[in-house]
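Trainee: The structure that follows is given in the form of structure tokens.
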Amino acid sequence: MQKVTIQEAEHLLQEIISEEDDRFQILIKDERKGVQKLISKWYKQKELAQKEKEKFLEMSKYENALREKGLTYIAGIDEVGRGPLAGPVVTAAVILPEDFYIPGLNDSKKLSEAKRERFYGEIKAKAIAIGVXIVSPQVIDEINIYQATKQAMLDAIANLSCTPEYLLIDAMKLPTPIPQTSIIKGDAKSISISAASIIAKVTRDRMMKELGEKYPAYGFEQHMGYGTKQHLEAIEAHGVLEEHRKSFAPIKDMIQK
């Protein structure tokens, strides 16, 4: 291989997947600083990819154990929006195929918005089934947030196109005959729950951005309904909306004034 330019070396390293590649053996002997920087970057990317693969395998242990027992339709279930002062609680149930693989998958709160959006598209394209349920602030006020979350999870399961054989749920137990396991911080421990958390988070964030357009003075697209200083000041200045949860403090106290 003739001596390549730095740009050509960069393109080659994007193609090379193993140190055993003859082209890599030539590049690693190239003493130019630019090439050595690219080699160092290549090693870091390989290390990151390996860590992501190991993390994904660790997060697949619940699903793999159930598949070894002959189960196929394993649904991960999670919610987003229990804590905010405004907007709905959104839940998702996701059944993934056995060959599903997205390196970097994690709890939706630990991902950037750009990654969440990208993973959302991949999950939608690859999942066997996805069910989503949305519970309004009015229902939350009527039956309380815990019961609303539970009902939303049951609705998300009912909205799946096939009946799950087993449920992996993030920190909840559901009144259903379907066998289940409740996993504390499950969105960081199970790929199915993680996928559900991403579907629920992106769905809710999009809804809150629409509310932000409808009520620009409240900044919903920035705080997603959580009780930030900006949000509380907007409520003081412009009042309580129908999208606010009247049973939540300090909204409840503001209404009673």
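Even glycines carry a Cβ here, placed using N, Cα and C.
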Trainee: Swiss-Prot has ASP78, GLU79 down as binding divalent metal cation; which of ASP170, ASP205, ASP253 does it also list for that site?
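Mentor: Given ASP78, GLU79 bind divalent metal cation in Swiss-Prot, the matching entry from ASP170, ASP205, ASP253 is ASP170.
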Trainee: Which is it, of ASP78, GLU79, ASP170: the one of these binding-site residues whose Cβ has the most other Cβ atoms within 10 Å?
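Mentor: Checking each of ASP78, GLU79, ASP170, the winner is ASP78.
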